[in-house]
Amino acid sequence: MRTSIATVSLGGSLTEKLAAASRAGFDGVEIFENDLLASPLTPEEIRGRCADLGLTIDLYQPMRDVEAVPVDEFGRNLRRARHKFEVMRRLGADTVLVCSSVSPLAVDDDALAAEQLSQLADLAQEFGIRVAYEALAWGRHVSTYDHAWQVVEAAGHPALGTCLDSFHILSRGSDPKGIEDIPGEKIFFLQLADAPLLAMDVLQWSRHYRCFPGQGGFDVAGLVRHVVRAGYTGPLSLEVFNDVFRQAEAGPTAVDALRSLLVLQEAVGVAELPAPVVPTGVAFAELVTPDAEPVSAVLGALGFVRAARHRSKPVDLWQQGDARVLVNTGPAARRDGTGLAAIGLESPDPEGAARRAEALLAPVLPRRRAREDAPLEAVAAPDGTELFFCATGRPELPDWRADFEDVQHTPAASDIRRIDHLALTQPWHHFDEAALFHQGVLGLDAQESVDVADPYGLLRSRAVTGADGGVRIALSVGAAPADDTVHAQHIALDTRDVVAVARRFRAAGGLLLEMPANYYDDLAARFEFADGELATYKELGILYDRDAYGEFRHCYTRTVGRVFFELVQRDGGYRGYGAANAPVRLAAQHAARRLTGG
Ligand SMILES: O=C(O)c1ccc(O)c(O)c1
Ligand SMILES: [Mg+2]
């Protein structure tokens, strides 16, 4: 189906919005009146700009407070409408959205509403324009889609149809099944938005919290299925009022928006994409650093050994069990300092995974490799993290490991088994996008989002996971501009005995993050521990949590650059990430940074 986006969904000037929509690959736009009013371009110039960009103008909107008013008021409304229709003729737009009245002048009289909308449609017809009547969820007398359709049906005018908006329908809990009772040709337009499930005033919810389909809690795909069954053949158009997107750069937001429509069309069954290839594990985490020494010291103290070196690049492979960390001292490191730059995801079909990512608009990374290197499929996540699709130790596929040459080493310790999870801090305006990317592109499941108190703000965190826990990524975002030291990325390592690993780490000179005594007093009140157990945790800074499935013990290394390590021990199938302990950990990191600057 054709794709469209309302200019109100993007930040910037009208010119910037149109360029972003076109570059992302949308077919058309809804021009929001305010964007036109604020533009220095004439309607003819906007029309030309859209044509040059390959965009159709699918809708002009909104007209407000038109119907069911006293006759002299309606006369003034028609005068206003004539002026707007003139503008639309100059724009070359043939459909206008009229939202249900919120005016105190409007009366509760469907026959009058139908009669006046019919007169409006008569006037529109003179201009070759169609009127699409939409029920605002907070409309004064008409606030549901079925009521708006009744009014339209009663008017029985060929130039009058209805506009369906998923937000207004789903926010009120209306059953979208009734959409199938509307003849498809009378659905003049379809606007799509999702939203997080919040208990709040519906107008505020709509104006500030809408998001792209798949980013919130509504079944937008289910609604679209009903609209398609009704016989609608117009565009799928995104209309998203969102405080964050308004402030963000239009280009990436438009790409994010179109990706959501691609995933939606796949779910509805009106478009096919290369099938998702769900990653089964983490092949490696790659750190870049200008100085390998501090990172190597931490890895060494954790029991990793430097097992191999890249044949053509300054990259070391550190390994313990199936946990692999690459330490890259190449040019990127000198630019960006110490940080997590790339993740290798173990994939059943690396090429298939890359094909899907590309179809879903993920930037495919150029293969900056020497001729003899294995051809690795890689794309960039929204935060810039490079994702490599890997096949480790599978002879029939290229193996990234073949680019590395073993170096002499003593055996590694054996109590760290694998990477348990990766925690990635997102830029503030990419959080919803990141969750949708990891679900839609990688085929991971998103868990509920949780809020975590930070001494200097609030952190929102959401995990995305593979079916069997082979891949776990915790995405988080702070309310304030990211503090590089505390809101760093981290690599969590799975151990069968966190106490033993923590002790060895400390004996080898490693620095663990210390936790306050009050935390342990509180733990003693909440749980029962064996004699001496709590004292051990306190000594090593180990945190404790429990869920319906099992227990969780974890502790943290001090931060190097923008990365730190977590040691985790999951027992009995514990599913979480110790979110209950995160406020204490964040406070401890702030305190450590103040004391030592690291
Ligand atoms: O919030 C509003 O006023 C508004 C305007 C036009 C729309 O299409 C809509 O869904 C909401
Ligand atoms: Mg709308």
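The backbone N, Cα and C atoms fix where each Cβ goes, glycine too.
Since this is a predicted model, take the numbers as computed values, not measurements.
According to TrEMBL, the features are:
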type	residues	note
BINDING	E134, D165, Q191, E239	divalent metal cation binding site
BINDING	H421, H490, E566	Mg(2+) binding site
DOMAIN	281-392	domain 'VOC'
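Distribution of TrEMBL features across the structure.
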residue	record	Cβ contacts under 8 Å, 6 or more apart
E134	divalent metal cation binding site	P62, L97, V98, C99, S100, A148, T162, C163, L164, D165, H168, F189, Q191
E239	divalent metal cation binding site	I5, A6, V8, S9, E30, D165, F167, Q191, L192, A193, R210
H421	Mg(2+) binding site	A463, R472, I473, A474, A492, V568, Y577
H490	Mg(2+) binding site	L340, L422, A423, Y556, V563, F564, F565, E566
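If you draw a 10 Å sphere around the CB of D165 (divalent metal cation binding site), it holds 27 other CB atoms from the protein chains shown. Taking DSSP states H, G and I as helix and E and B as strand, the domain 'VOC' (281-392) has 26 helix, 44 strand, 42 coil. Summary of the Mg(2+) site environment: with the site residues H421, H490, E566 set aside, the chain residues having Cβ atoms within 8 Å of the Cβ mean position are D420, L422, A423, A474, I491, A492, L493, F565, V568, Y577. For Q191 (divalent metal cation binding site), the Cβ neighbour count at a 10 Å cut-off comes to 24, with all displayed protein chains included. D165 (divalent metal cation binding site) carries a strand DSSP state (E or B). What surrounds the divalent metal cation site, by Cβ distance within 8 Å of the Cβ centroid and not counting E134, D165, Q191, E239, is the set L97, C163, L164, S166, F167, H168, F189, L190, L192, A193, S237 from the same chain. E566 (Mg(2+) binding site) is surrounded by 22 other CB atoms, counting those within 10 A of its CB over all protein chains shown. Ligand 2 lies under 6 Å from the Cβ of the following binding-site residues, listed in sequence order from D165, Q191, E239, H490, E566: D165, Q191, E239.
Selection of the binding-site residues D165, H421, H490 by a Cβ distance under 6 Å from ligand 1 yields, in sequence order, D165. Model confidence over the domain 'VOC' (281-392) stands at 91, taken as the mean pLDDT rounded to a whole number.
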